[in-house]
Ligand SMILES: [Zn+2]
């Protein structure tokens, strides 16, 4: 059975691809969205990352809308209240993607750093059906609200060194969990990559008290629902 990595910046390093994995490749801006769409054998998200909003043009949004016709999902999109200064602009860009998601029924691969509640509220406001909170480290009491809407919680392979993230795993029900690496992002000296999800699955199995095979099975089924795939 395949492993799942629901959030990889594969355009930065296509060699990160792993044979026994289903990979969701995200983009950061127009240029990387074009690159992502050229990748083979992966699910593809197009979009503009909150960190790239300042550098991107508003005309890029229209171009990404055209690319979205050949994509499986939108991402990495969202809000970042820790590192982004121009909140008005990032909100404007995010609202463009919320409209796009609703209009084309495209699942969202979300970045919501320190804006967890705001992103969640916007999903409800825009009546978004399928959303995934990548590397969730938000308030623990928001997890239940997120999962009761049928949205997904991202558990990152960095869980082996990030204690706070372990609390998220303990709280989130397995039926709402997707696994991811965010590779090739560097976190506390580690270059994250899809292969680390293997170890992460063991950790989830240990915390939830079930077998690794069962974890893989449920995560795969979660991926299928989030991306609205009938066959894999
Ligand atoms: Zn990312």
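The first residue you see is number 1, and the count goes up from there.
Note that Cβ sites are derived from N, Cα and C of the backbone, with glycine treated the same way.
Feature annotations, reproduced from TrEMBL:
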BINDING   7, 9, 76, 182  divalent metal cation 1 binding site
BINDING   111, 134  divalent metal cation 2 binding site
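Counted within 10 Å of its Cβ, the other Cβ atoms near residue 76 (divalent metal cation 1 binding site) come to 25, all protein chains included. Residue 134 (divalent metal cation 2 binding site) and residue 9 (divalent metal cation 1 binding site) are 12 Å apart (CA-CA, integer value). Note: the Cα of residue 7 (divalent metal cation 1 binding site) and the Cα of residue 134 (divalent metal cation 2 binding site) are spaced 7 Å from each other. Long-range Cβ neighbours of residue 134 (divalent metal cation 2 binding site) (same chain, at least 6 residues apart, Cβ-Cβ under 8 Å): 6, 7, 26, 75, 76, 109, 110, 111, 112, 154, 156, 180, 182. With every protein chain in view, the residue among the binding-site residues 7, 9, 111 whose Cβ has the most Cβ partners within 10 Å turns out to be 7. Listed in chain order, the residues near the divalent metal cation 1 site other than 7, 9, 76, 182 are 8, 26, 75, 109, 111, 134, 180, 183, 185, each with its Cβ within 8 Å of the site Cβ centroid. Within 10 Å of the Cβ of residue 182 (divalent metal cation 1 binding site) there are 25 other Cβ atoms, across all protein chains.
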